[in-house]
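Trainee: Annotation source TrEMBL lists ATP binding site at 63, 64, 65, 178, 282, 283, 284, 302. Positions annotated as compositional bias 'Polar residues' by TrEMBL: 450-459. Annotated disulfide bond per TrEMBL: 107-158, 118-141, 124-152, 208-218, 252-261, in sequence order. The N-linked glycosylation site annotation in TrEMBL covers 176. Under the heading region 'Disordered', TrEMBL lists 387-466.
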């Protein structure tokens, strides 16, 4: 079984396959074929005539303006914007937890720290350092700041932050904060540069706000507008914090005028909103003071806020001959996919699929000729037409024409008989070809009768009598 399979595979390896053209007059199948070819051409040719560059060189400058107030204090930009110099990332503080007047000393550890509670000094190891805690343990178990619980004493900035600090909400007027986002891009391959601010008078930015239709080149955005476009609730976002992305897309067709290359803005939340373990945004910082010139104190601030990340994307394209030629050649070579698809439909889903399969695939075997028959034409060499039968029997060799060469008398014997080759006339070849074609076409056309001159072999020099 295995040997037979291997023999069949080896035999099939040396087969030669040549395409056969069959015209199927079916409008639906022809429509599918042409539509597939059209889609392939459009896919490869559309915008493929251009050389492209992605990821432009970009610079971003941000500036926030506005004031707000908490229960007992007015806050300006210098206090609620971090970092103050502005860049592609800016944080706007909307809520803070304040732990005031911290000094270096010893105090109870926060109960929010793992294994900080104790019952006696034996539960606290002196010198132990917990990376999730606030200081180094002294080995004493002391009462907590409030209640009857006890925690291990630590050497740290005291009192430690335990979540009971003063809370200030700064988000009351925060929706009216304005953010200037100044962006400039450069495509080095095409030596093209452009910015997102219109070339207007110097005081243009003092009187405009962004509008996609009326003022697309005034990149001053209200914070409430950004949060709204990102699909978020401002009050909830201000309490827990979050990260909002401002995405600027520069998709430019440099075959057109420069005025057609315009920035497109989109907004979305970047941090996982529905993941309690990682949603929100906060950070800590401290302000230090000197009391009486000797004692150092600080105010610890845990800040919640809205972080703005400015992200710049883009792609530029311009006509180039090389990608045009490459993509056109690829499209032309891929058109064969349409023929493959239509062949699959034709041989699988059409009503007469068996008839189409029979017409499409033919197997031609080369006949094995006896060694005594020698081919004299290309058709015989390829084995497409078998050699015609001889018109003479072996008992009656052809006689030479009269008047040419010597003749043998009656009863004379030929000392060395040389049999003449079997004739292969043109008419016989024609008849064989017509027979072969007739088998494929289903009918046999009439074959002209061979002439007497074609059926008679000649031997002008009397080679048969040598």
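In case you wondered, yes, glycine gets a Cβ from its N, Cα and C as well.
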Trainee: List only the single closest residue to residue 302 (ATP binding site), chosen from the disulfide-bonded residues 107, 118, 124, 261 by CA-CA distance.
Mentor: 107
Trainee: Could you round the CA separation between residue 152 (disulfide bond) and residue 252 (disulfide bond) to a whole angstrom and send it over?
Mentor: 64
Trainee: Filter the recorded positions 124, 141, 176, 218 down to those whose C-alpha lies within 10 angstroms of the C-alpha of residue 65 (ATP binding site); answer none if the list is empty.
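Mentor: So far as Cα distances go, the recorded positions lying within 10 Å of residue 65 (ATP binding site) are 176.
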Trainee: Nearest of the recorded positions to residue 141 (disulfide bond) by CA-CA distance, picking from 124, 178, 218, 284?
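Mentor: Checking each of 124, 178, 218, 284 against residue 141 (disulfide bond), the shortest Cα distance is to 124.
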Trainee: Calculate the distance in Å between the alpha carbons (Cα) of residue 218 (disulfide bond) and residue 282 (ATP binding site), and round it to a whole number.
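Mentor: Here the two Cα atoms are 30 Å apart.
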Trainee: Looking only at C-alpha atoms, tell me how far residue 283 (ATP binding site) is from residue 107 (disulfide bond), rounded to the nearest Å.
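Mentor: About 23 Å separate the Cα atoms of these two residues.
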Trainee: If the ATP binders are 63, 64, 65, 178, 282, 283, 284, 302 per the record, what's the largest distance between their Cα atoms, in Å?
Mentor: 24
Trainee: Just the number: how many Å between the Cα atoms of residue 208 (disulfide bond) and residue 282 (ATP binding site)?
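Mentor: With distance taken Cα to Cα, residue 282 (ATP binding site) is 32 Å from residue 208 (disulfide bond).
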Trainee: Over all shown protein chains, what is the count of other CB atoms within 10 A of the CB belonging to residue 64 (ATP binding site)?
Mentor: 18
Trainee: Restricting the comparison to the recorded positions 107, 118, 124, 176, 261, which residue's C-alpha is spatially nearest the C-alpha of residue 284 (ATP binding site)?
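Mentor: Sorting the recorded positions by distance from residue 284 (ATP binding site), the top entry is 107.
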Trainee: Out of the binding-site residues 63, 64, 178, 282, give me the one sitting nearest to residue 158 (disulfide bond) by CA distance.
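Mentor: Checked the binding-site residues 63, 64, 178, 282; minimum Cα distance to residue 158 (disulfide bond) goes to 282.
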Trainee: Looking only at C-alpha atoms, tell me how far residue 252 (disulfide bond) is from residue 124 (disulfide bond), rounded to the nearest Å.
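Mentor: About 66 Å separates the two Cα atoms.
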